[in-house]
Structure formats: C-alpha cells, structure tokens
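Database features, via TrEMBL:
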- 575-588: compositional bias 'Low complexity' (COMPBIAS)
- 589-598: compositional bias 'Basic and acidic residues' (COMPBIAS)
- 280-549: domain 'ABC transmembrane type-1' (DOMAIN)
- 604-834: domain 'ABC transporter' (DOMAIN)
- 902-1076: domain 'ABC transmembrane type-1' (DOMAIN)
- 570-604: region 'Disordered' (REGION)
- 32-52: transmembrane segment (TRANSMEM)
- 64-86: transmembrane segment (TRANSMEM)
- 98-118: transmembrane segment (TRANSMEM)
- 130-152: transmembrane segment (TRANSMEM)
- 158-177: transmembrane segment (TRANSMEM)
- 313-336: transmembrane segment (TRANSMEM)
- 411-432: transmembrane segment (TRANSMEM)
- 493-515: transmembrane segment (TRANSMEM)
- 527-554: transmembrane segment (TRANSMEM)
- 902-922: transmembrane segment (TRANSMEM)
- 942-967: transmembrane segment (TRANSMEM)
- 1015-1033: transmembrane segment (TRANSMEM)
C-alpha cells in the first residue's frame, strides 16, 4: 500500500504537481493538516471537557438515543482501528505519514465515545465540541477520500480507501445523531422556565433556528412579555452577580484606573474570549477573497482549451466555501459578542441597582442611577461591541500589507503613509473624546433627574402654577445637553472622515507609485488587497470613539460605586429569636423583653449619641433614651425638633452618628416603617399593601379594618383591585397615609416605626385609626409589637406607655410615662393634655376624607377606561406594521433643507464611490489597447478626484446627520413631548406610570439622539450605494439585471417577516425598562 502514483506526494505541497490533473493536495499535506493537527487539537480539548462533565450531575435520559450514539461511535472506532492496522502492516513509502495520522485519529475516536456518552447524559444541549469537530473533519475527509480514490491502484489501497470512505459515512451518521435535540429527555426540565437557546446545538445557534418560533409568533399576533422566551440561566443577572460578587467588591477596585473594566474582564473572561475563535475564522475567510479573485482572473485569462474543467469546479466550490464560511463565522462571532455584552449589561445594571439600595437616605437624587442604568450602560454595550476589532483589525492590516507587498512590491508603502497620517490624527483627537462624553452624560443626568422629579410632582406643580417656568427650565437644559452632545459628535464626524480616508485615498496613491507596472490583473487584485487593508482600518477608526466613550461611562459607573454607602451604626445585643406572625405567643414575647433581674429590656437604647445629616451640624444632641419592647412609644416635640431624624436613627439611615445605638436582637429581625411622605407604586391597592410578602387573607382583612379603608374601598370602582396611579395620584392625602400604614402593618414585623402618619387624616378618621391600631386594645398591642409613633397629635399621649419629648434644638427634654411627665411640669405638662382625652367609642362612624370625597369617584373611574376597539386596533397595527405618520412627523421636525441635504450628499457619495469602479473598467480596457489613448496619470488623476469627492460628500453626510439633524429634531421633539406632558390632565397620570413617561425623556430621547440618526445615515448611504452598485453590475453584466426583481422580492419578504417581530420586541424592550 504505497499510493505511489505521484512522486510529489512526499512534498508538503500543498498542491500536487505532475499528477491527478494538478488539482489535488499532496498526501503529506493532507495527513498533517487534515488528520494529525485537527485530531490532536480535539483530543487535547476533549480531555478537559470530559473532566468537566464528570463533575456534573446526570440531567438527560433517552437511553435509546444514547445507545445508538455510542454504537455509531464504536463502529467508527473499529473502522479507525482497521485503518491503523492496515497503515502499520501495509504502508511502505508513506508509512511515516499514514501511521501517525491513523493512530491519532483512532485515539480521537475513543475520546469521541466517552465525550458522546457524557455530553448526552450531563449536558442539556447537543455537544458543541463534538459537532464542530465532526463537521470540520468531514469536509477535510472528503478531500482525503477523493485523493485516496484517485491514487489507489492495488487491492490493499482500494481496501484502505473503502474503509476510509466507510469512516466518513459513519461520521456523517454521527453528525445527524449528535445534532439531535434532547429537550424531551431532560429530567425536570420545564420548557416554560428555560430558553430554547439552552438546548440548541451548534447548527441551530449558527443559523439562529431557535428564534424561528418567536418570529412566527410575532408575525401572527401581537407579542406580549409572556410570549418571549425565558432568559438563559447562564446570563441571568442574579447568577452573574453571585459569580462576580467578589471581583466587583468596591474595596478591590477603589482608586484603580479602569478598575471596574478590569474586574469585568476577569470575571467574564470566558464569555469575552468566546468570540475570538469565530473572529479568527472570519478573518481567514475574508483573506481568502483576494486569492480567490486572483486565481479566478488568471483562470479567465487563459484560453478555454488550456483551462481545466476541474479547476472551474474547484473555483465554484471554493467560492461557496469562502462566502458560506464568512456568513457562518460572522454569525457565531456576533452571537457570542452580543451575548457577552448583554452579560456585561446585566452585571452593570445589577451592581448599580444594589448600590442605589445601599445609598444613605440623604442621597435623595436618583437621577444618577437612572442615567447610569439607561444611557451609560447602553453606550457601553454599543461601544464594546467592536472590542475584538482592535486586535483582529491590527492582524488584518498586517496581513494585508504583506499581501500587498507580494503584489506590487515597494509601492505598498503608499497606503501606509495614508494610514500613518490617520493614526496620528486619531491619537490626537481621542484625547478629547472622554472629557466631552463625560460632560454630555452629566448634562443628560441633570435633565433626566429634573424631568423625573417634575413628572412625579406634576400635581403640585400644576396647583402652584409653576408649570410654565419648569417647562422652560427643562427645555433650556435639553438645549445645553444637545450643544454638549454636538461637540462630542463633531469629533465623531471627523473620525468617520478619517476612518474612510484609507479606503478612498490609498488606491490613488498606490497606483501613482506603481504606475509603470500596472495591468488589468494588478489593478483589480491591488484594489482587493487595499480594500482588505482599508476595511479593518475603517472599522478600527470608527470603533475608537465608541470604546473611548465606553471607558468614560465605565469610569462614571465606578465613581458612583465608590461613593459612600449607608453605614448601619446600630448594634445588636440579647438572645436571638426568629420572627413571629400574628398575635400568638404573647407570653413568650413578654418573657423575651426581660433581662436577668426581671426588668424589661429595651427594644432599643441610645446612649450619649449625636445625630445629623451634615458633619458638625447635629439635628439630635446628647440623646439617652430607651424604646420599651412590646410597648407604644410616642415621640413629641415642636416643629423641626428632630422627630423624623429620630425615626431615621432607629432605621440606621442617618449618615452622621456618634455614640451607641443598641437594639434588642429579638426585635431587630424586621422593622416596619411608614414615612410621613407615603411611597406608593402604580399598582392596585392590594398589591401596594401586600408588597412582596405572601398573601394572607386573614392578616390582610385585619389591616384593612385597622386602617379604616373599607369605606374607601367601597367607593373604588374595583375595590382593592383598583390601580391608584403613580405615587397614588388618584388617592387623597389621608388615603395615601392609610394605604402606606396598612403595608407596614401587613409586614411580618414586631418593631414598627410611624413618622407623623396621622397628620393627613381628618379628626374622626384619625381617632378611629389610632384606636384600632395604637390603643391598648388595638392591633399592635394584640401583636405585642414594639411601636414608635412620632406625631403632633398630642391628644393621644395618655395612651402611650412611654413618651419621649424633644426640644427645639434636638435635645432630649424628658421621657417617661404620661403620669410621670405630667408631674414633671415641663414640656408635656405645658401641652394641657387631659388624661381623659382618650378615644371615642367603638360605635362612632368612620368617614372618608371629606375634602376629597366629592371628586374621588370621578378620578378613580379613569382606571376602568378601556380604549375603543379602533384605538386598540390602531395601536396593534402600529406595533406590528409601523406607522408612516411617525416617519412624516420625524422628517417634519428635521426640516426640508436638512433632509434634502442629507440624502443629496449621500447620493453624491455613493455615485462618486461607485463611478470610480466604472472608471477603473475604462482604464483597464484602455491598457489593453496598443498604444493606450490616455496615460496612467490621466486615469489615476480622475480616479483620485472621484474618490476625494466621495470622501468630502461622506463627511457632509455625517455632519448633517450627526450634528444638524440631531440638534433640530432633538430640540423640537423634546419640546413637543415636554409641552404635551405638562399640559396633560391629571387623569393621564392616573392611567400612565411615571416610569413610562420618564422613559420618553431618558431612553427614548437617547435613541433619537443616537441610534436613529446613525441608522438613518446608514440607510441613506447603503440605499444609494446598492442602487449605484446595481447600475455598475448591470453595465458590465446586463443579464444579471434580470435577477434584480427577484432579489428585491426576496429581500422585501425577508424584511417584512423580520420587522413584524423585531419592531414589537423593540417596543417591549423600551416598555420593560420603564420601571427604571
């Protein structure tokens, strides 16, 4: 078995010479690069994968499929063993190639058996590694099979070839088996809780087949959030944050330059590196194009009788492989890159949210967190999408320079001169990107913060008559923001000009250097190499502003994370115990509150403590007080005496604290708190009361009765299922207080703090609520809860077990029981409260707030307003098919002059860029004449003129789109939206969540200022470029124009199918971010 028909098979080749029609690889090349290297790499990688899988639990059943897979793998191993035996016993001349290749392939087949068994049982998705190896090696084995059949001459060689062909067929069967989905056999796998992405294999991910069901659903109906797939568990924010908690610890990144970026890179190293492999493959396939073009031109340049038919078929196959490879590798690259970026997004949004919840009460400005989670995070994602272009573009530039040098010699320096000038300009301008980006984002943050506060306080702003001044102030901030953004985008426009300069200027300069040796093949091949050189540079230069801006945004987020968090200065003492529910265990509770001497132990004790919101300025001074357990403590004092600050002290929310605050461990499990400014969400009454606690009907009815909400709920159109609007805008002040109080009472807590919650109630309702909640027979006494009530209603003092009196300067005036303080003849005694001034009898009626009763029903009825069927149909059509009115509205705000200029410059850019191709055609045709009609300088000069003109038109297209258009549309659209919101009736805010409205002025305005003009400029350029290219192709190959209508119909059908779903998902994405 020598396969000795061709002496050249002993060389590395790669192409064989002198046999097999000079259209094949040498045996040595095939055995090394098609067998030894792929199998060796697979063995090394599979060992680590096998070790990993052995530590994973069993997840998948499907014994029959598993057995068939193992059987097929065993058959393949037996075939490889037979090939190894034949190679060892029969190989003579080429044994040094066949034996190692057969041995390594046999070992790889054994690895396939174990890997297949473990992947099937312990991974929910088909094996990515096994499918990739099988698919790649089948392509390589096909080439080897052809070679072996052509080189086989005797019985042993034919037998070897037949066995080898059997192995290839078995491998194809393995591909079919290993690519089969295993969802139906996964143990305890609820498809409603898992994304199909988690069980999709290599081929489904590469072709995005797992999205087909979603596209079909979106095409057939209006999508809702329930129709979307669940999020892949691997990229869920909770899992990522738990994994990266240690790396993102602020103490580890504090003060470091790019500390947050480094922490993310280390924590997400694997997801960030996964795109590297597909990116290398994409580069390889892209660089195959000039070789393919050069070979094709040489083939077409030979007479037909001298051209080999095999070569033609080979070029067709190579074309299919190259461009299919570009599509597949590009799909995997962007899949892994987008996935990694959205993992970064999930982590950043989570850490910002956690930091916001840890902020002290004094940090009341939430605009920073809103802007960081929306604008900054989105810019980070967009900027870092091209992160791998830095290293890949550098490699591509180096390769392109080498190939260009091989083609035109020393003239390859010409494009490098252009590149060097561009790099110097980029390095100079990049210094200004970061500061301008930060300034722009800070102005956005201020505007969004003011807008958010304005929307939340719209009711009070309208009542006070400040709507006009507030509107002018916000619009002025918007214009300042647009001016700052224009300075940043002006640099981006220059970057666009620089990024396209190598592609448009390098050919002219190169042809000027190589004018003496130019011919048709050299010109077209050189242009293809220059495009390979210029395209990565264009990508690289355009990526720089986004990456610089992303690092600036990361610095802003890191600075926010490094701000001081709330420090809980409270200490715990005493035995620990688990929290209780209901009113059971009163004897237990009474015994818990006693120390060894039998005296009641304080629920909380403050000793020699000063508290304040600013350093050196104390709101509370020299406090020494006790909060009795299972007792009602009432805190009184004049206005601004520090009662609310004392409530925050009990919660550990005051930033400046000196001394000790000791809390009984048995009472510190949970604290129920009700602020004097109620916090309510745009949800139903029941959802606001229950919150995140499990629903308990008995407890719920108990707190509804205690807070006297039954009469109010009876007036609501849907009872406790009535939505109350953002911040409870449909409720009166007293109703807000009582709903907020009900939420605190519903909480499973034995320590509750109430801050002036009776001030918004009328006298009768206040009396009834106090009696039902705080009196000796009230709800809290029945629960034996420790209660602190800060109030101005001093008539309830006789019901208190303990009274704390604060002075005007925040000092403790006195504390004790009501009787003790009346005897002291101090502040409490001076209030003139009589001990008989208790509560009214139980039979007194409970009244809703009289001041709001007349309008209450009308306001709340807005919650049940249902859009008409026509409105619903119009909204559905707008989500599914778009609305041309929106486009007309947008272009009307841009203006006729601006839009005409944009499309005019885009058309001119496309025309001159593509007419250059036609000019090159005239040039090469003239070179074929003898003598030429015009010199190379003539053609090259006009060619350069066209290229420079295209570059100038491109600059003005970007300038109009990114500066003029954004400023005009941004100012007009913001002003109209702001005027509409401020002029809207209050009923609008009862039906619309403030998050939805705020989102219009934060994320939506960000899209209008960023992605929309970028997309519009790209559409204009690509549209005219496609038309121009079609015209160029039609001039050289008229018959191809016949395919244009069919291609247009296909593209129209694809975009219609795609956009019906993608538009809905985009709108759902915007709506889902409204809670931010």
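Along the chain as shown, the residues are counted starting at 1.
In case you wondered, yes, glycine gets a Cβ from its N, Cα and C as well.
Given the structure is predicted, the values throughout are model-derived calculations rather than measurements.
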Seg_contact(the transmembrane segment (158-177), the transmembrane segment (64-86)) with at least 3 CB pairs under 8 angstroms, min sep 6: yes
What parts of the chain pack near the transmembrane segment (98-118), using Cβ distances under 8 Å and only residues at least 6 beyond its ends? 31-32, 35-36, 39-40, 42-43, 46-47, 49-50, 53-54, 66, 69-70, 73-74, 76-77, 80-81, 83-84, 86-88, 91, 127, 129-130, 133, 174, 178
With Cβ-Cβ distances below 8 Å as the criterion, list the same-chain residues six or more beyond the ends of the transmembrane segment (942-967) that contact it, or say none. 482-483, 485-486, 489-490, 492-493, 496-497, 500-501, 504-505, 507-508, 511, 894, 898-899, 901-902, 905-906, 908-909, 912-913, 915-916, 919-920, 923, 1009, 1013-1014, 1016-1017, 1020-1021
Averaged over the domain 'ABC transporter' (604-834), what pLDDT does the prediction give? 85
